[in-house]
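Feature annotations, courtesy of TrEMBL:
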REGION    1-32  region 'Disordered'
COMPBIAS  8-19  compositional bias 'Acidic residues'
DOMAIN    166-228  domain 'Nrap protein'
DOMAIN    230-288  domain 'Nrap protein'
DOMAIN    292-431  domain 'Nrap protein'
DOMAIN    437-595  domain 'Nrap protein'
DOMAIN    613-814  domain 'Nrap protein'
DOMAIN    816-971  domain 'Nrap protein'
DOMAIN    973-1107  domain 'Nrap protein'
Amino acid sequence: MHPSDSFHDEEEEETEEAEPSVKAKRIRSEEEKEVVVYHPVKLSRNDLYRPPTAEELNQLKEAESLFHCSLLKMQMEELLKEVVLSEHRKQQIDSFIQTVTKLIQTVPKTPKVEVNDMSWLSGAVKVPFLLLPKTTKGKFCMAPPASVDLIGSYALGTCIKPHIRVDMAVTLPAEVLQPKDFLNQRYPRKRALYLAGLAQHLQSSSEVVTLRFSCLHGNRLRPILLLQNFVPSRFHPKRNNIRTEWYTGLKTSNPGKSSEPPTPHYNNSILGDLLPRSHLQFLSAVSSKCSAFADGVALLKVWLHQRQLDQGAGCFNGFLASMLLAYLLISHRISSTMTAYQLLRNSLNFIASTDLTVSGISLAKNPDPTAPSLADFHDAFQVVFVDPSGHLNMCADVTACTYKQLQHEASVSMHFWDDPSVDGFHCLLMTPKPMIRTSDHVFQLCDLVKLQSSCKKQNLLCELMDHSGDYIHTALPFILSLLQRGLGQRIHLLAHSLTPSPWSVESEAPKYKTQPPLSFGLLLNPEISAAVLERGPPADSSKVPEFRQLWGPRSELRRFQDGAITEAVLWEGKSMYQKRLVPKQIITHLLQLHADIPESSVRFVGALVDDVVKMGREVPSTGEEESLVVVQSYDDLSRKLWKLEGLPLSITAVQGAHPALRYTQVFPPEPLVLDHSFFDRDKISRSLVPKDVKPCPQYITPITVICHMEGSGKWPHDRLAIRHIRAAFHISLAELLKKDHNYTCRPCPTHLDVWKNGLAFRIQVAYHREPQVLRERVTAEGLLVVRDNEEAQALEMATIHKPLLTSMLHGLQQQHPCFGAVCRLAKRWLAAQLFSDEITEDAADLLVASLFLQPAPFTAPGSPQVGFLRFLHLLSSFDWRNNPLVVNLNNQLTAADYTEIKNDFMASRDSLPVMFLATPKDKKLSLWTRRAPSIQMLQRVMMVAAESLKVLECQLMDGSQMQDVRVVMRPPLEAYDVLIHLNPNQVPLLGQAVDPPAVTFNRGVVPNGAPQSGGPLPVIDYNPVTLYLMELREAFGDLALFFCDPYGGTVISVLWKPKTFVSAPFKTSQITARTVEVMGEEVKTIPNFGAILEDFRVLGKGLVKSVEAKTEKWAF
């Protein structure tokens, strides 16, 4: 039993620490005026340079051979120091244990009564057991226990922080038990009554603060108690100890014992109470032979806890971890001289390679003849791990799915353990892996009472008796098996979680239906998880009845193009957004068909966040189909550019340099058909221009294409001449495209706009030597000086780095179908929280790419939602100060490159960007974050990301949350000093807002029209909000920061810079937006806030609706 919750909470900071070995100062209070300084011990020259001892040599050799570096060894040692209990804490716990033991030993005796008579209990304490059926035979009385023993991890020395549990085994006195108590729940009821009596007695003591009932790993039959008088063979997994007649209350036609079904889980639950003392003795004996046993168990328990494998019903708990390590020791799979690191590694390797669902293992060396065989255990249980007695299956409650999850996690850990590019320690033992962040899709069964009808429909009465009426655990194996069959190759893993909550001793035992929802997690196989066709066996196959039985009326006979006639199931799904939800259709269909669980009881949270980037009028989409249309149109334009004839120089490369061409544009441009009546015509160019009286027209995105021309001696070496040549190429390209393909083109000095199939492409001619020419300058003395400058950097970024990044990320999208959708969600969040100017689109795409290229300790995201959650976790938890984020595109970086990047980063940290992103082509500079974010803005991003992650995960897993998931996309505007509200009709991207308005405006687009090339060219890249922001920053950028959501935001948030409120000496050159203030003989200037706010209105005339000044926040 757990005597108190005092040790269930996280442990406080240690009050005792070791004396420091380096120089330290301790300064007393000012009244004492005394300073004590500790100096290191001075060593002689011989001591300083003496040869290392044998022990030191062994430690150095171990660090070299077992760890990547000595740092990992030190990290392991420090972790063990953190999780092991201090001596001070142990003394507190020991004192409390003695107090509780004395209290338990003085429990008063009561007269014997019928088990069903609970009048001796006060009304304040309830019995922690569901009495179904209501009555059973037997006598009961309270009496002092036969013994009170300390058992479990605390007694063994393997108890770890932060969740400290102390296990005490109370042995029932002989007068409480009777020989037939193993039948019909008599023993579990007496145990529950005895616990209630103990709770009533402990409650009267002031030493015990709180008392709550709980159950061992979710098993309602198993509060920890010891008993005597029962023979282990009585609990063989093939024997029956619950009579059908008693359980159902109905007379049976054949009352003989041979007709009774076995009750292995019930038997195992009772048998488990016979053996805790012997288990403790066994583990103590094993641990005494291995000095690192306790540390090895501690590391394994930390590993399990971070993956939530030690929580809830049927978990792989710390006791099983200790027993597993003991098994490896006594079977000589590991040596008693191994370190804790080696014990952990070998344990995970054993788990990953050993399937206990097929080949169970046993700790029993010489079991007695009545003990069951491994085959007997496998017939009764899904996972088999037999204890030293040979009678108890310690994994009886562990499902096959849970063990497969354990194997999967061990396999993933072993995969990245030796990868030098991964921080193995952090991924292995420090990164939490909750289900919502680990599984690609998560769904919950909310109305658990529906599982009663599932048991009835599947005729699970025998199994229900075995679980003493717990219909949740009875139906769970059947549901898992059903989902495994239905989902098949679509998933790599099916996980589940049910964590019952403790309850007050003054409350009735909670009914099964009141438990938290039963959660399931799917790890998808991205290659086929979204397939809409489930192809079955041929029409003449013997497997057809089985296929039809599984799928019911959804199964149809179909003929395919290859001539085959087979059974098949077709699911709904036109867009990728819909196809990602095919697993949901399968799950709801199977549960309704076979388990009588309606769709209303299934809460599927696998794609709730996707709605914020949803587009498409008729078929909902998250941008994949729209991006494909853009890419196909670009590919066609690229082929036509290659085939152009008549150019002075040939084209050497055509490269896309726009997020839409790598599937990561938040809202990809859609082909448009323009309503010409909505526009005016320019008198000279006959182009379409917006009318003043109309709402702002639809924003037309220019899709950037870089067209590299061949190098030649004809290219000049003067920067101005090169620009003229490029402009001439733009004119030539426009003429040829118009002549050959009838495209409407508008050449400009810097680019060429092409209107093709309702999309606008912006072609920029590039000359590979132009950045170098921009860096060259001839001095007055005739010397050639090469110096880097912003103009050259910007040109190099636009014509070299961005096209290369687009090409690489396009390839990543082909490997991981949900990469683009994760980028869209991530960038939508950044924009909604007003961070899109701090973390640019390219930087955000690289951050997301790192989640796919180096997903450890996870696997690569298989759905947009889980990728977005990991993006928020990466932003909020990565140590940007001390580590570069390496994005190994195309797997081009070697282990030596990683070391070089890390060393260069540490050597030049102060001069590098605060968010450092390294790629194979950019190891030293972090080009994508060179200008932003600042330290302050990165801290803000991290804080908001952490809070968003917390809120979103809580909403996704807690069905009672009433808020919309879009709450994480709504920025806290109360933090800003001025809010500039915009007219919605002048915001061209209003429909892309997080909360789009119910009223829409005509933007000059013909809905559902067929886009064509040719015709008048509209104004491209016209967004009044963006232009207004540029003017504000140019005019007032030294006084304030301006933020706005570029996707339909109707508010510009203004934050004054701290120096704004500081008065400055009068200077005629710095009088803009300031007013003069004369103080005696001193003349100073201060900001004229009234004039500034008026300028905000004047600059935005027609666009600005109102200016809201929050003057109470201004710090004058």
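Our numbering is plain: 1 for the first residue shown, then up by one each step along the chain.
Cβ atoms are placed via backbone N, Cα and C, with glycine included.
Helix first, then strand, then coil: DSSP counts for the domain 'Nrap protein' (292-431) stand at 73 helix, 5 strand, 62 coil. Here the domain 'Nrap protein' (230-288) returns a mean pLDDT of 83 for the predicted model. The residues of the domain 'Nrap protein' (973-1107), classed with DSSP into helix (H, G, I), strand (E, B) and coil, number 40 helix, 35 strand, 60 coil.
The helix, strand and coil residue counts that DSSP assigns across the domain 'Nrap protein' (230-288) are 32 helix, 0 strand, 27 coil.
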